[in-house]
Amino acid sequence: MNIIDELTWRGAVNQQTDEEGLKKLTDEKKIGLYAGIDPTGDSMHIGHLIPFMVLKRFQQAGHKPVILIGGGTGSIGDPSGKKSERVLQTMEQVHHNEEALKSQMVKFFGTDNFRMVNNYDWLSKMSLLDFLRDYGKLFNVNTMLAKDIVASRLEVGISFTEFTYQILQSIDFLHLYKNEDVQLQIGGGDQWGNITAGTDLIHRMEGQEAKVYGLTIPLLLKADGTKFGKSEGGNVWLDAEKTTPYEFYQFWLNQDDRDVVKFLKYFTFLSHEEIERLAETVKTAPEKREAQRRLAEEVTSFVHGDAAVEEAQHISAALFSGEVKDLTASEIEQGFKNMPSVDVENKKENIVLWLVDTTKIESSRRQAREDIQNGAIRINGEKVTDVNAEIDPASNFDGKFVIVRRGKKKYFLARVK
């Protein structure tokens, strides 16, 4: 199957500058293509993953992806999809973010048949006079104003800095066409104006016969109409320090039945046959959530590796069953990150006093005794029924944590100082 047909089946194509031309080109040869990301932060989130999943599919089909880190454009800000002016970052921030993004990209794309470039390398060498003389005359202001990317900002105002962003992105495409043999730019739906500005510039400077193309990806919406990419806690990051692999796994595991097949097509490399089989299980046995489980496994493995999948599944099973005593300290950090927690001293104490006075888990000594005697309290996975029992914070989990479960579902974490 042609790569464009494959992307279409997976729901990953929104607009193309020349569908038939691009299909013909990708049938004839392996092409260079690129997508860019500005270093506005030190980690990508799952929304950023969307265009790079498309690039990865091209790479797997033998094509040559180029990742553009926007060290130059990132220092001024892209108005795409923004209702107000971006806050400019210091160059130190930009360079720090560049290095973090590079390390993430290498994890996804490896080092073979893949290039990473930084537009700061060529944009920073261009003088203002060069910019105006060589490129400014080729851009019609009326055309630029008519593009959605700018028109949507005219009422609230847009600075000249952000207004010129589409020119800089066009220069990037031209540079990569001439120096990296790149013929296709990929971006989100809000990048259409910038991408077509780039193909127009190349045709003006290199001739209409230049074979360059643009392809945008649809805005991913969930079945409830909300934009895909965030959890209740905000962005779902690809950096394990910002969103733990367990949280990442749970995000995918909790996807709605109405969305899971779409996400399997988009975010996994499973075959058509396997996805269609999983789609059937959503209809016939939705309670088993096999499709969601496979989605969580595949995407977590791609971003964090197989070991992270096993760890996330171990944490999930322990929390569901209550058998937490076999968890490692690292797994507890992940699984209990968003649960109620309290700092405690590393000293032995009567369980009733510890639950009431030290941790405030129980509201009164009477309630604490009652819960203990009724078997409602578990410490580190073990049921405690003796009101005279002693808590030793250093006895489990490398002396770092005490896990309390009250009732069937209510967990608390005590962090040992």
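For all residues, glycine too, the Cβ spot is worked out from N, Cα and C.
Per Swiss-Prot, L-tyrosine binding site is recorded for TYR34, TYR165, GLN169, and the stated evidence type is sequence analysis. Taken residue by residue with DSSP, TYR165 (L-tyrosine binding site) is part of a helix.
For the motif ''HIGH' region' (39-48), the list of distant contacts is 69-71, 74, 77, 86, 89, 94-98, 100-101, 104, 228-230, 235-239, 242, 251: same-chain residues at least six beyond its ends, Cβ to Cβ under 8 Å. Residues annotated as motif ''HIGH' region' in Swiss-Prot: 39-48.
Feature annotation from Swiss-Prot assigns motif ''KMSKS' region' to 227-231. Averaged across the motif ''KMSKS' region' (227-231), the predicted model reaches a pLDDT of 72.
Per Swiss-Prot, the feature ATP binding site maps to LYS230; the stated evidence is sequence analysis.
Marked as domain 'S4 RNA-binding' by Swiss-Prot on the basis of sequence analysis: 349-417.
The helix, strand and coil residue counts that DSSP assigns across the motif ''HIGH' region' (39-48) are 3 helix, 1 strand, 6 coil.
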